[in-house]
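Q: Please see the structure below; I have some questions.
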Amino acid sequence: MGVCCPILQPWDRTRDSYLPCLSDPVRRSSLFMKLGLVALHLVFIGFLFFCDDEFIQKTKRDPWYMASYLLLFSLTLLQYFVTSGSSPGYVIDAMRDVCGSDAIYRNAPPTTSIQHGSRKNGSFVINVEGESASAAGRRTPTSWGKMVLDLYPPGTSIRNLTCGYCHVEQPPRAKHCHDCDRCVLQFDHHCVWLGTCVGQKNHCKFWWYICEESALCIWTLIMYIDYLTNVAKPWWKTAIIILLLVVLVISMIFVLLLLLFHSYLILTNQSTYELVRRKRIPYMRNIPERVHPFSRGIKRNLYNVCCGNDTLDSLPTSFELEDKARPYTCLDMLKCRCC
């Protein structure tokens, strides 16, 4: 019995060929979110330009003031698009780097095949030709599999570490994102505003973006308050400015809290997923709540995030966990144990 396939109209084929972001619902939603965020920024700055004559006069008197604001505005949007287009660090890419010389990853038709893991996007599974996923899990571990096993306590089975969607061995702190349909290294969360995940390789970019966004919100709020209190205006302008102020204050509070939260995560080398789902993650269940198993001190944590350290974190031994759980003493404070 044949399979009936839908016949694409010429317009549909053209749209899929030239506008792939509009044919995929996930990418289409991400595109609309980005356009909406940019439009929101333009609305706040455009209102002052078109409705505040005093603001325009002030700009002419002090051009450096508006130039500085526009510079911050441009840098914020630039950082947004840079973060949005960056890779969070995918397990499949790290696997390729480690196993690039392995025979299973060579481009040899009789022995290897690359199969798509999902129809949603371009994620794929690297597997042995003619072999099922269960058989692949029973074969001799590759160099990537051996490295992943070394990151876990002795006795851990490689079959328990295999992602049920990508069929790849996950190192500690990795998680499969159902929105991206890929396993992400040091998965933090999937940001709908960015349209991508926040992970090992773009957490620093994400932090800089929300830092710049916080500064932009505070500066814009100051200009709006100055406009509201010092300029006589019609009632409809007052109503619009109050509405925009409410939206701006809510956005500023959210962004500031997000900045503080992610600053804490970076300083303690945690992720949002590990903090929120701590009791559901197998390797985190038996670790005390106040112990941060992957923290190496404030200075080392900052270095790893800011300088792009791509090393994979291994689970600490029981001795290391006991040392991290030890209460702080005055001598520890003098030695800067937390650093």
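Using the three backbone atoms N, Cα and C, a Cβ is placed for every residue, glycine included.
Those TrEMBL annotations? Automatic predictions, nothing curated.
If you look up TrEMBL, you'll see 160-277 marked as domain 'Palmitoyltransferase DHHC'. The transmembrane segment annotation in TrEMBL covers 31-51, 63-82, 206-227, 239-267.
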Q: Summarise the model's confidence over the domain 'Palmitoyltransferase DHHC' (160-277) as a mean pLDDT value.
A: 91
Q: Which sequence-distant residues neighbour the transmembrane segment (31-51)? Criterion: at least 6 residues beyond either end, Cβ under 8 Å.
A: 21-22, 73, 76-77, 80-81, 84, 192-193, 195, 220, 223-224, 227, 233, 237, 240-241, 244, 248
